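Asker: If you scroll down you'll find the structure; I have some questions about it.
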Amino acid sequence: MKIFLIGFMGCGKSTLGRKLATKLGYDLIDLDHQIEKNTGLAVGDYFSTHGEEAFRKLESETLQAFNYPKNCVIATGGGTPCFFDNIDWMNANGTTIYIEMPPTALAKRLESGIAKRPLLRNLTPEGVLEFIESKLAEREPFYTKAALVMSGISLTADDIRAEILARN
Ligand code: S3P
């Protein structure tokens, strides 16, 4: 089974994905890392060199052409479900889980990593919360197409595992 974790930057996709994969004995595929491996560029550098549009194409191609093992957890990028037909493709090819978190919590969790995030790095600390609020509102229609929506506040890999087992 393929489990796609989706949600805004900072909601915990990579960390929860790693823990969930370990608990299930599945492989973890981190989409951003995969893109970095393929291009030899950090996502932030890819954005600066080639721009967001090129990144979105590459992200979608990587998502949809990857040779996935039978059982795996995929930590997607925050924008992945919101471009092309990516969310429909993920829903057709696995179980999607939206890790939901309010903007204030996201802003707090992203505070120390602003410089690394291409979409945040030109914002002032005050501008970050405002950006998250509007971007999240724009993205929520895509995120909520997920098969499962779970609150990310104090969410554990065990909670996700239990929810998946209950469904299958
Ligand atoms: C992005 C989120 C990032 C990365 C890129 C764009 C976004 O992934 O794909 O910087 O548009 O929200 P994370 O959600 O893993 O930080």
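Cβ from N, Cα, C; glycine included.
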Asker: Of the candidates Gly10, Gly78, Gly113, which does TrEMBL annotate as part of the substrate site that also includes Asp32, Arg56, Arg139?
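Answerer: Looking at Gly10, Gly78, Gly113, the one TrEMBL places in the substrate site next to Asp32, Arg56, Arg139 is Gly78.
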Asker: If you measure from the Cα of Lys13 (ATP binding site), which of the binding-site residues Asp32, Arg56, Gly78, Arg139 is the nearest?
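Answerer: For Lys13 (ATP binding site), the closest Cα among Asp32, Arg56, Gly78, Arg139 is found at Gly78.
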Asker: What Cα-Cα separation, expressed in whole Å, is found between Gly10 (ATP binding site) and Asp32 (substrate binding site)?
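Answerer: Distance between the two Cα atoms comes out at 13 Å.
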Asker: Which binding-site residues from the list Cys11, Asp32, Arg56, Gly78 come close to ligand 1, meaning a Cβ under 6 Å from one of its atoms?
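Answerer: So the answer is Asp32, Gly78.
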